[in-house]
Amino acid sequence: MSKLLDGIQRRQIDGEERLATRGEPVYGEPTEDGWRAWDPHRSKLGAMFELGMDHGLEGGETVLYLGAASGTTVSHVADFAGPTYAVEFAPRPARALLSAAESRPRLFPLLKDARKPDTYAHVVESGVDAIVQDVATRGQARVALENRRFLAEDGRLLLAIKARSEDVTRDPEAVFADARDELTTGDDGYEILETQRLDDYHTDHLAIVARPK
Ligand code: SAM
């Protein structure tokens, strides 16, 4: 069993070595000895860990998670991180997110629009250690730029870009190039540290690790 962080390990669960965090199950994932399997096919961040990307997380950090949906991934994050603010604007998945938060005192669901950071600026402390973003909607780079204000100088952006959410008709590589340009243009943008396609787990998705310029 190789150890990734204190709170994320590779564990034998159901006879297979799997990425896992410690916490109550949320989406029917298999568990063993208090550890719950983290399925990289259902989580872009899980896929980033599985692919060995240099995410810069050590555990215990403050996280702003944009696009929390029903809590599949953010529940794993809250298992190993510190205060985890989970932004989701659709009421239906947000109800399941509230259930995932019941057993996780560090998980704070926010029924907010990630394009309007002013609406949660009074709740989310500035200087968060990481922004994890998976909104799968048009304008993904813009959302990351608008939320940069919350990120510590040495913080990390862990971003998944879904090509088809920007434009179903364009070549994904062209969409990714535009997103990279948008993220890195200007002094209040990001410096990209690493990118990887996630196609083994998520078709036409690009993962980006970046830090504020
Ligand atoms: N990250 C989730 C996970 O792995 O468990 C899956 C996220 S799903 C691909 C994208 C989610 O982002 C949807 O639930 C959608 O409602 C949400 N979303 C899209 N645009 C948003 C916005 N502007 N503000 C907040 N949530 C948004």
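Think of each number as a place in line: the chain as shown, counted from 1.
Here the Cβ of each residue, glycine as well, is placed from N, Cα and C on the backbone.
Look at TrEMBL and you will find THR72, THR73, GLU88, PHE89, ASP113, ALA114, ASP134, VAL135, ALA136, THR137 tagged as S-adenosyl-L-methionine binding site.
TrEMBL feature annotations superimposed on the structure.
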residue	record	Cβ within 10 Å
THR72	S-adenosyl-L-methionine binding site	22
GLU88	S-adenosyl-L-methionine binding site	26
ASP113	S-adenosyl-L-methionine binding site	16
ASP134	S-adenosyl-L-methionine binding site	25
ALA136	S-adenosyl-L-methionine binding site	17
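Taking every pair among THR72, THR73, GLU88, PHE89, ASP113, ALA114, ASP134, VAL135, ALA136, THR137, the residues recorded as binding S-adenosyl-L-methionine, the greatest CA to CA distance is 19 Å. DSSP classifies GLU88 (S-adenosyl-L-methionine binding site) as strand under the three-state reduction. DSSP assigns ASP134 (S-adenosyl-L-methionine binding site) to coil, not to a helix or a strand.
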